[in-house]
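Asks: Dropping the structure in here first, questions after.
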Amino acid sequence: MMYTRIEYILVHISFLIFFLVTVLDLINLLYQIDKLDQFNRNSITIAFLCTTGFLIIRFFQTGHLPLGNLYESLIFLAWSFSLLYFISYVKDQNRLARAVLAPSGTFINAFANLILPQEMQHSTTLVPASQSHWLMMHVSATLISYATSLCGSLLAIVLLSIFFTEVGSYPGGSKCKTNMYYIFLSTNYEFFKKEIDVQDYFYLLFANAQKCQLINYLDRWTYRTITLGFSFLTIGILSGSVWANEAWGSFWSWDPKETWALVTWLIYAIYLHTKIDERWRGEVPAVAASTGFFLIWICFLGVNLLGVGLHNYGWLI
């Protein structure tokens, strides 16, 4: 009972910190307050330690890695988001990535602690098939891949929203393009006949240059995070296949979870391929990466909660 109370306190402290940091990160995106960066980093460190404490307590309580049910998997996923948040702060001061990671951690914590039924939050005894050393490698690698891939997919969604945002327009009403065409227009007779302020065009050039710089920055971080997530997902699928062969005598049985994991893997493989091929640039890779966001949630929660196949928690039906 004492351990349960401590677990409750730790996960709720983590949830409140994630929520606070989410709000402060959104404010920081607008006003870029350096002191908030330091405060948020320290706050997420506390959330990370609280979640780590929960996982350690649950480990000693159950005698196995706390990945045996949906609640424990969600808490581990939130732990992964807090770790990625800290890494993004140390590596690149990436405010946009942190503004994506903090709400993700908040949502995961809220779903785990406020929506899941109480009986699903308690520790459970592992079924015989799950009492294997493959549990740690398969489940942890898969959940880390979910966290990193979700971050990359969310960055891709932000990239697409910026890509299709109209910064300005010239007299004909067409969308403002990021090139030197406006400088050419400034020497054109028709341009002067329309009595357009040249300063407006230089402003648009500057705005579009910033837009291009931001898109390239997001594209670079999307590629990095999805590459990492794809690697962990590959490890998770391969280790899961070996585990399935030990438990059920078959490497692959086309279980719904396995099928959706394969579809997700293929989508991210397509994304990485489009990044290699010079003919596919801009919004096409971002669309593929964004699709992965929805596939991960289908794979992680949709299949599980519907009670379909071997990977299910039987909550909705």
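For all residues, glycine too, the Cβ spot is worked out from N, Cα and C.
Annotated transmembrane segment per TrEMBL: 6-31, 43-61, 73-90, 97-116, 143-165, 221-244, 259-274, 286-310, in sequence order. Annotation source TrEMBL lists domain 'Cytochrome c assembly protein' at 67-311.
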Asks: Applying the under-8 angstroms CB criterion, which one of 6-31, 43-61, 73-90, 259-274 scores highest with the transmembrane segment (221-244)?
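Replies: If we count Cβ pairs closer than 8 Å to the transmembrane segment (221-244), 259-274 scores highest.
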Asks: So which residues does the transmembrane segment (6-31) touch in its own chain, when a touch means Cβ under 8 Å and the partner is 6 or more beyond its ends?
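Replies: Result: 37, 39-40, 43-44, 46-47, 50-51, 53-54, 57-58, 75, 78, 82, 85, 95-96, 98-99, 102-103, 105-106, 109-110, 112-113.
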Asks: Residue list, the transmembrane segment (143-165) vs rest of chain: Cβ under 8 Å, 6 or more residues beyond ends.
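Replies: Tertiary neighbours of the transmembrane segment (143-165) are 67, 73, 76-77, 80-81, 84, 96-97, 100-101, 104, 211, 214-215, 218-219, 221-226, 228-233, 235-236, 264, 268, 282-283, 285-287, 289-293, 296, 300.
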Asks: Excluding the flanking five residues on each side, which residues at least 6 beyond the ends of the transmembrane segment (73-90) place their CB within less than 8 Å of a CB in that stretch?
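Replies: Beyond its ends, the transmembrane segment (73-90) has Cβ neighbours at 11, 14, 18, 21, 37, 40-41, 44-45, 47-48, 51-52, 54-55, 66-67, 97-98, 101-102, 104-105, 108-109, 111-112, 116, 139-140, 143-144, 146-148, 151, 225.
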Asks: Across the domain 'Cytochrome c assembly protein' (67-311), what does the pLDDT come to on average, as a whole number?
Replies: 79
